[in-house]
Amino acid sequence: MSTSRSDALKAEADRSDNDVEKLLRPQSLDEFVGQEKIKENLNVFMKAALQRGETLDHVLLSGPPGLGKTTLAHIIANEMGARIRTSSGPVLEKPADIAGVLTNLEEGDLLFIDEIHRLSSVVEEYLYSAMEDYRIDIVIDQGPNARTVQIDLPPFTMVGATTRKGLLTAPLRARFGIDFRYDYYTADLLQEITQRSARILDVETTPDGAYEIARRSRGTPRVANRLLRRTRDFAEVEGDGEITKAIADRALNALDVDEEGLDDMDARILLTLIDNFDGGPTGLKNLAVSVGEESGTLEEVYEPYLIQEGFMERTPQGRVALQRAYDHFDRSSPAADQDLFDQE
């Protein structure tokens, strides 16, 4: 297959996956499964703002990727009857970029900035007055002819999403009146999400088939929906189209997703810690180089779940594998080896 043909097929597949993700995305708080505390509080805040005829206060959504931050931003826009404008931290490189976005907002609009922790400090400073006073100051010309022009903005709602809240500066965090942190989902909630997605995709699933996908989805709806789509492929090719527990187990094993929901990279991280670094501690950069992945990806995508589930921990000295990791891969821990040595 030619490179151009391969690239074209990949682009088409990416578009298809994006279309499916949009199709599966809940459109209202009632459709949104899980994160009950966030939903309850947000419902109150939105109703109060609507009753007062005001825009909703600025909202910060933080937590690991794939838990529904972007989805909730769109739901807020739907519930508030607002137009949503979307961007991301890496795209807004210069003051002119953010100024262009802000000056095109209309009253009541919702501006969603994903990966807001990746905004440059210069761009971030423009947001301070925009969020607090609904105005920005733009410098016209250069040198002795330079002058500042103040532009008033209509009231709007900023929704920022981040996987690394700690990287946000204190002044920016302080300008968000509503601050929510996402938790990982339970297997039962993910089963509910999986069954809802299956109905939308017109895929037959048994309850235990949906649960098998759910419990091996790293507590993450995005992962559950992705595994559902891939399991559907196995059900159609190797079965009668219905996702049963047996089909789900077959598909997930073929995708290198083990009984604990760990994928190939999870295993590489933990086994590298155990085998190459004697369980740790070792630094993030050393670990990233050893497994061939970006340190930021390890820290944002993989480590939160492994830490949450007790496979590893972060210490001041570095990353350390915990006993559950040794047990999972049937390895003997240094502590167990020492106990055995002491008994001899």
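Each Cβ is built from the backbone N, Cα and C atoms, and glycine gets one as well.
Annotated features in Swiss-Prot:
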REGION    1-185  region 'Large ATPase domain (RuvB-L)'
BINDING   LEU24, ARG25, GLY66, LYS69, THR70, THR71, GLU132, ASP133, TYR134, ARG175, TYR185, ARG222  ATP binding site
BINDING   THR70  Mg(2+) binding site
REGION    186-256  region 'Small ATPAse domain (RuvB-S)'
REGION    259-344  region 'Head domain (RuvB-H)'
BINDING   ARG314, ARG319  DNA binding site
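When secondary structure is read from DSSP and collapsed to three states, TYR185 (ATP binding site) falls in the coil class. Here the Cα atom of GLU132 (ATP binding site) is found 36 Å from that of ARG314 (DNA binding site). Each of the binding-site residues TYR134, TYR185 was scored by how many other Cβ atoms lie within 10 Å of its Cβ, and the smallest score goes to TYR134. DSSP classifies TYR134 (ATP binding site) as coil under the three-state reduction. Residues in the region 'Head domain (RuvB-H)' (259-344) partition by DSSP class (helix H, G, I; strand E, B; coil) as 51 helix, 9 strand, 26 coil.
LEU24 (ATP binding site) falls within a helical segment according to DSSP.
If you compare every pair of Cα atoms in LEU24, ARG25, GLY66, LYS69, THR70, THR71, GLU132, ASP133, TYR134, ARG175, TYR185, ARG222, the residues listed for ATP, the longest distance is 37 angstrom.
When the binding-site residues LEU24, GLY66, ARG314, ARG319 are scored by other C-beta atoms within 10 Å, ARG319 scores highest. The predicted model assigns the region 'Small ATPAse domain (RuvB-S)' (186-256) a mean pLDDT of 95. Rounded to the nearest whole angstrom, the C-alpha distance between THR70 (ATP binding site) and ARG314 (DNA binding site) is 28.
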